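Q: The feature transmembrane segment is assigned by TrEMBL to 33-59, 66-89, 109-128, 148-172, 207-234, 246-269, 281-300. Taken from TrEMBL, the feature domain 'G-protein coupled receptors family 1 profile' covers 49-298.
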């Protein structure tokens, strides 16, 4: 039985004409200009950093598996920020919040979840790459072939797209209350679920299933890879060799911890404990700060990326001279 005040959507036209109001940062109007400039600068730097890594790897003739995965990760982060940040910037320009159509909100949620899920799967693939490189170094070139890397990338993208589509359909089939004011700067799953006129935990089951597939399953694969890596490192007698082997994993570990800590805090908790203020703060981190940190972490910690970037800058200087 739907609750009082719910708006049922019995046909497609009702859903197609429905609109949501994204409140954004309406409670921080006095800081609107400062927030807009800050987000804009962070967004531009993030785009520049990820685009630089993406172009540098694409222009490289020989790409080892880790560079291939980093290229895909940068592409995901580019799309990730373009899906979320422009609408967030618009919410700072419009005082009373910005509207988004029912289909637009569903599309934004689907893309956001699919890209975030693809990143989780990709981090698991990268951990497997590190496992093979450290635990089976003599077989690394044979195991991590170009064909396997392409198949892993395809599985990450298509698998995330399918799971995100199922979650989005399940969320937007729910009856929503007459208030369509989303206390967020984009159509995040917990924020939209908060508007659903349901008294049970049944609507949260698709989100729980998505969390198991996107968060728990890749996390267990990453954990298993690093347990094997830790065991292999214990058998390395040389402290220098152990340090070199471990240093190849530091950047991946840093990004994994950053990504999973934010995602776990937002999505693995019941609807009753959802806090719009906390949700927006954490969302700011993983939609603005986290994508900015990725290029910095990898450019500082990964020798292959630094070498590729130097090559690209050298080519640019030569082209300018010519």
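Using the three backbone atoms N, Cα and C, a Cβ is placed for every residue, glycine included.
Note: TrEMBL annotation is automatic and uncurated.
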Q: Given a Cβ distance threshold of under 8 angstroms, which distant residues of the chain, six or more beyond its ends, lie next to the transmembrane segment (148-172)?
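A: Residues 15, 65, 68-69, 72, 102, 105-106, 109-111, 113-118, 120-122, 125, 128, 189, 192-193, 196, 203, 206-207, 209-210, 213-214 contact the transmembrane segment (148-172) from elsewhere in the chain.
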Q: What parts of the chain pack near the transmembrane segment (281-300), using Cβ distances under 8 Å and only residues at least 6 beyond its ends?
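A: 39, 42-43, 45-46, 49-50, 52-53, 70, 73-74, 77, 80-81, 84-85, 88, 184-186, 188, 251, 254-255, 258-259, 262-263, 265-266, 306, 309.
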Q: Can you tell me the mean pLDDT for the domain 'G-protein coupled receptors family 1 profile' (49-298)?
A: 85
